[in-house]
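> The structure's right below; bear with me while I get my questions together.
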Amino acid sequence: AYTLATHTAGVIPAGKLERVDPTTVRQEGPWADPAQAVVQTGPNQYTVYVLAFAFGYQPNPIEVPQGAEIVFKITSPDVIHGFHVEGTNINVEVLPGEVSTVRYTFKRPGEYRIICNQYCGLGHQNMFGTIVVKE
């Protein structure tokens, strides 16, 4: 059941945990520079590096093509956050220093709202982002 659940949801099992230094993640690399955050890794595959911080997401908006396999790699430099994309089964907890990885293919174009569903401080209720899926 665990294998089916993790495969169906597109979640990478915990044995493949990736880590980053939360004190320097904003200084260099794909999480620090929104211009480097969306990387085409194959003919119809993209990796998106998302930084969840108090109280927002970077990059914002995130633009991806419809029908492509998207691998989100999400981390935080400060506190625990959530990364839930409304209208999808994407829902991961984001811990400082750890990279939460999830795969998803958007079958429909449009705008999808990202919300933080882990209380992260006084501005939590304003923590939103947007994914724009283009045809």
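Glycine is no exception: its Cβ is also placed from the backbone N, Cα and C atoms.
What Swiss-Prot records for His81, Cys116, Cys120, His124 is Cu cation binding site.
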> Out of Cys116, Cys120, which has the highest number of nearby Cβ atoms, where nearby means within 10 Å of its Cβ, if these are the binding-site residues?
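The residue with the densest Cβ neighbourhood is Cys116.
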> So which other residues, same chain and not among His81, Cys116, Cys120, His124, have a Cβ within 8 Å of the centroid of the Cβ atoms at the Cu cation site?
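Other same-chain residues with Cβ inside the cutoff are Ala52, Ala54, Phe55, Val79, Ile80, Gly82, Asn117, Gln118, Tyr119, Gly121, Met127.
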> Taking His81, His124 as the binding-site residues to compare, which has the smallest set of other Cβ atoms within 10 Å?
His124
> Which secondary structure state does DSSP assign to His124 (Cu cation binding site), in the simple three-class scheme?
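The residue in question, His124 (Cu cation binding site), is helix (DSSP, three-state).
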> Should His81 (Cu cation binding site) be counted as helix, strand, or coil on the basis of DSSP?
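In the DSSP reduction, His81 (Cu cation binding site) maps to strand.
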